[in-house]
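Shown next, in structure tokens, is the structure this report addresses.
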Ligand SMILES: Nc1ncnc2c1ncn2[C@@H]1O[C@H](COP(=O)(O)OP(=O)(O)OP(=O)(O)O)[C@@H](O)[C@H]1O
Ligand SMILES: CC(C)(CO)[C@@H](O)C(=O)[O-]
Ligand code: BAL
């Protein structure tokens, strides 16, 4: 029977019992409003571990935009039904006070990888992510943690933090799950109006075309400029970034001379979408 737990003390008691029985524990950190992308992480955790905890916590510390935090979709009842059907063992859904009591005073900064792209556009975002993820790892004592490649920079930040702080957990990155038309699944997609939803798949289409053009022509700057213009022509009102970066360190690349990632953040119909693909 799946349980929904709200306190660290209850969670610790359950996990201690599992560990005493020699069970391997997996954690899938989420902010809820679950979709098939999250479910693919849950299934990966179930394949790799004996017991699975899904955390649902809309982490105020990682939101630089208060409006985004207020509007973030919250659907705990339907999330719980989905996870119960999937055979998850525990949902850990703490309150903000449980995670951040009044005395809370710590912030984790992962220098370098946290700074460009999402880090520039959402100041303080990765401090919030790194801090809450370190806390969730400490709270759950999991052996493995599952993250989506859709949030590529986040995945690299978490991997760096785990290595740097010797946190005893294995971080597993999972493929991005897409709608049939290529749009990466995201909790924020429900905020797209019908026209924007119809236009949004251009994001993945244009990324894919640009990746091929970079491989074929090697003229990175021109390809990126064309792709940014194509996005605007496709209905995106603002392109915050569309850039080629080294895959692990996210350093700028003028030439394709190492494993790379093409990453984008752009606005359509008042919704900010992100995506990335390998090049
Ligand atoms: N389409 C997807 N495919 C695979 N993993 C995903 C996908 N969307 C989200 N995830 C992963 O699920 C985990 C929780 O993400 P989160 O709850 O923020 O969902 P989200 O859909 O990314 O929401 P948001 O609208 O905030 O981007 C993260 O590790 C994230 O990378
Ligand atoms: C990893 C995470 C759950 C931390 O709040 C969040 O950033 C997310 O949903 O990707
Ligand atoms: N998907 C990363 C969480 C966020 O957008 O805040």
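Note: Cβ is positioned from N, Cα and C throughout, glycine not excepted.
Straight from TrEMBL, the features:
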BINDING   31-38, 148-151, 177, 185-188  ATP binding site
ACT_SITE  38  active site, proton donor
BINDING   62, 154  (R)-pantoate binding site
BINDING   62  beta-alanine binding site
Just to be sure I understand the contacts, which binding-site residues have a Cβ under 6 angstroms from any atom of ligand 2? Candidates are 34, 37, 187.
none
Distant-in-sequence Cβ neighbours of residue 187 (ATP binding site), under 8 Å, six or more positions away:
31, 32, 33, 34, 35, 72, 73
Less than 6 Å between Cβ and the nearest atom of ligand 3 is the rule; apply it to the recorded positions 37, 38, 62, 149, 187.
62
Expressed to the nearest Å, what is the distance separating residue 154 ((R)-pantoate binding site) and the residue listed as 'active site, proton donor' at their Cα atoms?
15
Integer Å value for the Cα distance linking residue 149 (ATP binding site) with residue 38 (active site, proton donor) is 11
How many Å lie between the Cα of residue 62 ((R)-pantoate binding site) and the Cα of residue 38 (active site, proton donor)?
19
With an 8 Å cut-off on Cβ-Cβ distance and a minimum sequence separation of at least 6, pull the same-chain contacts of residue 38 (active site, proton donor), or say none.
28, 30, 54, 148
Count the Cβ atoms, other than its own, that fall within 10 Å of the Cβ of residue 149 (ATP binding site), considering every protein chain shown.
18
Across all protein chains shown, the binding-site residues 31, 34, 62, 154, 177 give the max Cβ-within-10 Å count at 34
Just jot down the residues in the same chain as residue 37 (ATP binding site), at least 6 apart in sequence, with C-beta under 8 A of its C-beta; none if empty.
148, 150, 176, 177, 184, 185, 186
